[in-house]
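Engineer: Take a look at the following structure, please.
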Amino acid sequence: MTTDPDAGGKPRDFMRVVDALLDSVAMICRVITGLSLVGLTVIFGWLVYGRYVLNATPTWVEQVALLLVMVIAFIGAAVGVHEHTHLAVTGFRTLAPPWLRTVFVVVTDLLMAGFGLLMLIYGARLTAFKWDSMIPLIHVPEGLRSLPLTIGGGLITVFALAHLLRLALGRDLRSDIIS
Amino acid sequence: ENWRGWNIHVEGYPNTVAMDKFAELLEEKTDGGITLQMFHGGTLGSQPDAIEQVRLGGLEIGNFNLGPIGPIAPEANVVSLPFIFKDPAHMFRVMNGEGGEKIAAGMEAKGLVPLAWYDSGARSFYNGAKPINSPEDVAGMKVRVMNNDLYSGMISQLGGNPSPMAFAEVYQSLKTGVVDGAENNWPSYESTGHFEVAGYYSLSEHLIIPECVCINADVYNGLDEAQQTALKEAAMESAELQRELWAEREAKSREMVEAAGVVTNEIANKLPFQEAMVPVYETYLEANPDLRPLVELIQSTE
Amino acid sequence: MGLTVLLGLFALCVVLGVPVAFALGIAALAAFAYEGLPLMIGFQRIVSGINVFSLMAIPFFIFAGELMFHGGIAMRLVRFASAAVGAVRGGLGIVNVFSSMLFGGISGSAVADISALGSILVPVMKEKGYDADYAVNVTVTSSIAGIIIPPSHNMIIFAIAAGGGISISKLFLSGVVPGVLMCCCLAIAAYIVAVRRGYRAEKFPGWAALTMAFLGAIPGLLTAVIIVGGVLSGVFTVTESGAFGAIYAFLVTLLVYRSITWANFTTAVISSVRTTAMVMILIACAGAFAYMLTFYRVPDKTIDLMTGLTQNPIMILLMINLALLILGMIMDMAALILICTPIFLPVAVSQGVDPYQFGMILLVNLGLGLCTPPVGACLFVGCAVGKLPMEKAVRTIWPFYLAILVALMLITFVPAVSLTLPGLLGM
Ligand code: NA
Ligand code: NA
């Protein structure tokens, strides 16, 4: 995720390993969500083809598509946390004095990590709660719908904690903090 | 105690009026011990979500159609078998008898206690091309159905092309011909405006799905006997009101769409439709063998 | 008290810099906990927020827009617009406005328009002697037209927030005239400012060159025809039309323009996923937030409050406009559509405003918010593309704000602007 100009020291080496690891996780997520988007587009093409050309509408498309959107949304959102691409109001934090700015960032990361953890826990409970009822027309557990929420939540926690770690090691990348 | 209740219908709809009546009666009969705040218009979520919310205890009360309860409680799914009821009166005879008790027991096992049955009429086919009198008329037709294997299986067996589709897209799709037809009861056919774009309504009455007033099982079991009785009485009385209002509303909707030029037809012989459903029933009973006695019980109920 | 927790915590999170989507989610869950509601239901609302079939059109429109940009379709549309009106004084400013109309008509995303069009047009304008602030101002404000010219994913968000009773096709049609009207107002503003600053006209490239540019742009223009025409003619639903827009854009860039490479394609996919995920997580968390707003009966209370202040429908509409404008200055569009629609739509409807017209009022107001400091995503992106500090852009942007305000007032007080076209087409 970053090249370190003044390399050296154990914690920094450790962080580099962590960065490399998380970057590969994010890359895997990108591949999964990218394939989901392309898949989504293709099955809709198939839907229209089925209805007009075959006169047999594939009834599974709607439900499969909804599942793919869950993957894109929650796994993609986790990557967004890693890359800092979510829309946030940073104006106030930029105006604050440096010490307060650090407080803002630390609290933000903690809140994000906490929210991710709740996503993980309650997503898992929701998944278990709905595991034995089936989604009509595609016959997979209803619980699958909230599985991406669970996984995305876990990833968000990891990514947010990594931001904190980076901050502690003085390697945070949010430009308005390092000034 | 202050409870919250869910209902999908808008102000003035029979169910909405009846649920408000239920809240009023409940407060009266418990001497203000239980108050119920109703959230109408589905503002707290879709029907499957609200069912889940009642099961989880976020809401205490809900007015649900048995269709979306089917995937959770298999016993409740039998009412979604096409043509299982002869007419709405037969449905109520079943639901108020042994059949209803078995279905209620299945729902209770999943955390929902039904207090009374509401009417939602009968669903029939409508389309923009021609009256439907026999399965051959459905052949080749793209028909929008709700998300349920039984409904899509029904259309397939009639030779049509079942097209599940979000409800919001149905009007435009009927208008432009993305689908040829759909199916619903009189009041929905009228209030959605579908009659403007699909002017043939054929009284197939293929689905007669009851609705229920449900309560969260833990909340129900935590009540004392007097409260449980008050609750059931309030629900029963509201159900009487609902059936009355429903009948009026059905007649009014029918009158309205017919005045607007909709062509209605009775189906003289429904037997070919019912015979076409044999594979649907067989597939269903193969997957749910323990429900066979219940299906037979309903079919043999006079 | 619970409502204070909900709104207060949300405001606090936003100030801290927590991404808006998560700020909504955190505040909502805190309110769930405060009221003793099961947290599982909070997460059910988050999942259900995006478990909506019509939402599927959003990734498709975004994907189609990205493919058009990375595959060179957008560039050809700009070339055509430039050949058509470049010979007028301040012509490139007007080109900019009408390019937004054409391209914005397809991508449906104001931010995507700016990053796509801005990065092509702003450097060209600067090179031809236009000031950077002028170039950025035109680019930023005209991108709002893309929000109300169909197709537009923000319109779909509005339809969903309105509770499903809104036909997306009719909503799309309602946006055409207001969008064109707004483009005209902006073009006039662009012309007047250009004349006052003494910018010179481009040479007319000749009919041959114009025809060539037009021919080159046809396959790209057809993307819009496919999306909108496909829906109106009933070949497919709105959602399917989005998918076809994306498939078509891919095929055109692959087979006709031969400009798409594997690298371009993966960039388009990754970028689409990024935007989609941002929008979707926002909608998801707003679902939990809206649940608590309903729980506290905020919409009912707002109606009582507003109708208590005044009974005059014009004043109420102006109050709604003002409230939306102020909110738009500090927050982003999709979140605001989701939060404000359930609150203000019933108020407007109770004053006799048509829901489709209200949709236009809402979108233009919030669109204007995208171009205003302190939180204006469009303004940020525009300034980034033009390499211009935000203060400098804002100092000279007022004629364009004025143009949008004129359009906004016409849309607010003349229902026919929005409703005539769908009426003519029998909707
Ligand atoms: Na648009
Ligand atoms: Na803004």
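One-based numbering along the chain as shown.
Here the Cβ of each residue, glycine as well, is placed from N, Cα and C on the backbone.
Checked TrEMBL, it gives:
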| type | residues | note |
| --- | --- | --- |
| DOMAIN | C:7-416 | domain 'TRAP C4-dicarboxylate transport system permease DctM subunit' |
| TRANSMEM | C:43-65 | transmembrane segment |
| TRANSMEM | C:77-95 | transmembrane segment |
| TRANSMEM | C:101-122 | transmembrane segment |
| TRANSMEM | C:134-160 | transmembrane segment |
| TRANSMEM | C:172-195 | transmembrane segment |
| TRANSMEM | C:207-236 | transmembrane segment |
| TRANSMEM | C:242-265 | transmembrane segment |
| TRANSMEM | C:277-296 | transmembrane segment |
| TRANSMEM | C:316-349 | transmembrane segment |
| TRANSMEM | C:361-388 | transmembrane segment |
| TRANSMEM | C:400-425 | transmembrane segment |
Engineer: Do any residues, 6 or more residues outside the transmembrane segment (C:43-65), come within under 8 Å Cβ-to-Cβ of it, and if so which ones?
Structural biologist: 25, 28, 106-109, 112, 116, 151-153, 156-157, 159-160, 168, 223, 227, 238-239, 241-243, 245-246, 248-249, 268-269, 272, 275-276, 279-280, 283-288, 290-291
Engineer: Under 8 Å between C-beta atoms and at least six residues away from its ends: which parts of the chain pack against the transmembrane segment (C:242-265)?
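Structural biologist: Those are 56-61, 63-64, 67-68, 70-73, 76, 106, 151, 219-220, 222-223, 226-227, 230, 236, in sequence order.
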Engineer: Would you kindly check C:77-95, C:172-195, C:207-236, C:361-388, C:400-425 and say which stretch has the most C-beta pairs under 8 angstroms to the transmembrane segment (C:316-349)?
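Structural biologist: Counting Cβ pairs under 8 Å, the winner is C:361-388.
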Engineer: Any contact between the transmembrane segment (C:172-195) and the transmembrane segment (C:400-425)? By contact I mean 3+ C-beta pairs closer than 8 Å, pairs at least 6 apart along the chain.
Structural biologist: yes
Engineer: Applying the under-8 angstroms CB criterion, which one of C:77-95, C:361-388, C:400-425 scores highest with the transmembrane segment (C:207-236)?
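Structural biologist: Between the candidates C:77-95, C:361-388, C:400-425, the best contact partner of the transmembrane segment (C:207-236) is C:77-95.
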